[in-house]
Amino acid sequence: MALETKAVSVDLESSVSEASTTDSPIKASEKFQRQSSFRRGGVIPTAICLSKATISVGVLSMSVHAAEVGALYQLACLMLGGVLTVLSIRMISVASIETKKWSFEDVCEELFHPVMAIVTGFMNACVCLGSAAGYLIVCGQVFVVVFPTDDATRNLFVVSVGIFVCCPMALARHVGFTRHLAAMTVGALILLVIVVAWYMGEHRIDESVTTESFLLGPGEATFVAYMNSINNMIFAYNNQFNVPQLTRELTHEPSRDGMTKVAILSTSVTFLLYALVFLLSVLAFGVAENQKDSLILDLMPVREEIHVRISLMAVMFSVLTCFQLHIYPIQQFLAYLVRKARGCSSDDEKADVVYFGRSLTRWYDIFCALGSVCLVVLIAVVITSLRAMLDFIGAFGAAYISFMVPPMWIIALRRKDEKNFSWFSREILFSVSFLALGLFLFVFGTYSAILPILGL
């Protein structure tokens with residue numbers, strides 16, 4: 001009996017030792033994440049991260065364009081933009097999964113040429129730099145509204161936030177790192193919707209709003225105004241720069257259906273928040289010239305109310321938590337340039353993290369984050385107009401990344417199968433049409449965005 005007990009204890013010890021040796025800390029953390037309902041890589045947290053990359057400063061300037069072109073036109077743009085965004089995200093996920101590449105640069109190099117990869121990476125980095133600068137511009141506006149001060153103090157605040165808040169957040173290794181913060185910030189933006197509804201309830205509908213002006217606009221909008229409204233819509237839904245990495249971070253095997261569910265969920269949340277904000281804002285603050293550069297400035301007359309201050313601080317918290325989502329693609333682009341300079345590919349062992357060593361990799365991450373943040377801070381200090389910034393980014397960079405690159409990837413993928421490839425297949429015809437739309441938005445949108453900046 002004693003021998004049997006001893007044998008059982010030995011077996012238990014051996015099984016425990018085998019489990020401890022076979023289960024590494026990484027595998028243990030992965031098991032814990034699979035058991036968690038809000039694990040990194042799940043459909044819901046991934047959708048929240050993707051929607052958080054979208055719902056940021058765009059929601060603050062949406063009402064400005066709606067006040068010019070009318071609620072019907074703006075709502076139609078939002079609906080069309082939502083459908084196009086879901087299709088674009090699906091195309092990107094298909095290309096990433098079939099090539100097994102997880103950045104815009106690597107997919108472009110696999111399907112086209114390193115020059116195309118550098119151009120695309122540069123455009124993607126420009127979009128993310130401009131978006132991050134827009135966040136700091138919002139932080140500066142909130143600071144001026146809550147604590148009335150001069151431009152020099154505002155600039156000092158923007159620099160301090162960029163260095164001491166944004167830079168540490170930019171060092172996260174995974175996009176899904178901010179999933180909990182992303183959920184909180186979506187709630188912060190819901191609080192902004194409630195505050196706007198309170199303002200309308202307290203001050204009634206603005207005198208400049210009539211049924212016709214609310215639905216169709218005041219009638220003074222030009223072609224440039226309509227195009228800039230589309231530019232703002234493109235920027236409002238622009239989250240494609242994180243799609244390859246989020247596709248890779250899905251807990252289960254990366255799949256196009258999984259990312260399609262993520263795209264539909266995140267786009268639906270984005271559409272509802274945007275629609276509520278601009279509809280209530282136009283009713284509360286009026287049309288045409290009554291609308292200021294952003295909702296933050298619209299709320300300045302009631303900034304002494306405690307709930308208004310809380311909502312503005314929540315907006316600041318919301319945009320700051322987006323920072324890492326936009327710095328990550330910039331770090332990917334810088335890493336790609338370093339690999340190319342060293343003559344490495346994404347699959348080369350020399351390009352792996354182990355080759356550099358842990359400490360050197362972390363120092364490299366710190367260098368990339370510091371460089372990116374410094375450039376973002378410089379842009380935010382020089383440019384203070386949020387509307388001009390978002391219109392230009394939406395037309396120039398976001399249209400290229402969202403609506404031109406994905407269909408080109410699909411066409412290049414299908415052309416690899418020369419025997420079954422046909423320009424007249426439904427998928428290719430749809431991709432060509434999608435590309436033509438993206439080209440139109442890129443050319444005419446950029447033209448319309450530049451005119452107000454030049455004062456024409």
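Cβ atoms here come from the backbone N, Cα and C positions, even for glycine.
Remember, TrEMBL labels are computer predictions, not curated facts.
According to TrEMBL, the features are:
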- 41-450: domain 'Amino acid transporter transmembrane' (DOMAIN)
- 43-65: transmembrane segment (TRANSMEM)
- 71-92: transmembrane segment (TRANSMEM)
- 122-146: transmembrane segment (TRANSMEM)
- 152-172: transmembrane segment (TRANSMEM)
- 181-201: transmembrane segment (TRANSMEM)
- 262-288: transmembrane segment (TRANSMEM)
- 308-330: transmembrane segment (TRANSMEM)
- 366-386: transmembrane segment (TRANSMEM)
- 392-413: transmembrane segment (TRANSMEM)
- 434-454: transmembrane segment (TRANSMEM)
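Only pairs six or more apart in sequence are counted, and the transmembrane segment (71-92) with the transmembrane segment (262-288) gives three or more Cβ pairs under 8 Å, enough to call it a contact.
Panel annotation: around the transmembrane segment (152-172), residues 132, 136-137, 139-140, 143-144, 178, 320-321, 323-324, 327-328, 331, 365-366, 369-370, 372-374, 376-377, 380-381 of the same chain, lying at least six beyond its termini, place a Cβ under 8 Å from a Cβ of the stretch. Counting only same-chain residues 6+ beyond the ends of the transmembrane segment (43-65), those with a CB under 8 A from a CB of the stretch are 74, 89, 131, 134-135, 137-138, 175-176, 178-179, 182-183, 185-186, 189, 192, 225, 228-229, 232, 235-239, 241-243, 246, 249-250, 258, 261-263, 265-267, 269-270, 273-274, 277-278, 281-282, 285, 291-296, 298, 315, 318-319, 321-322, 325-326, 386-387, 390.
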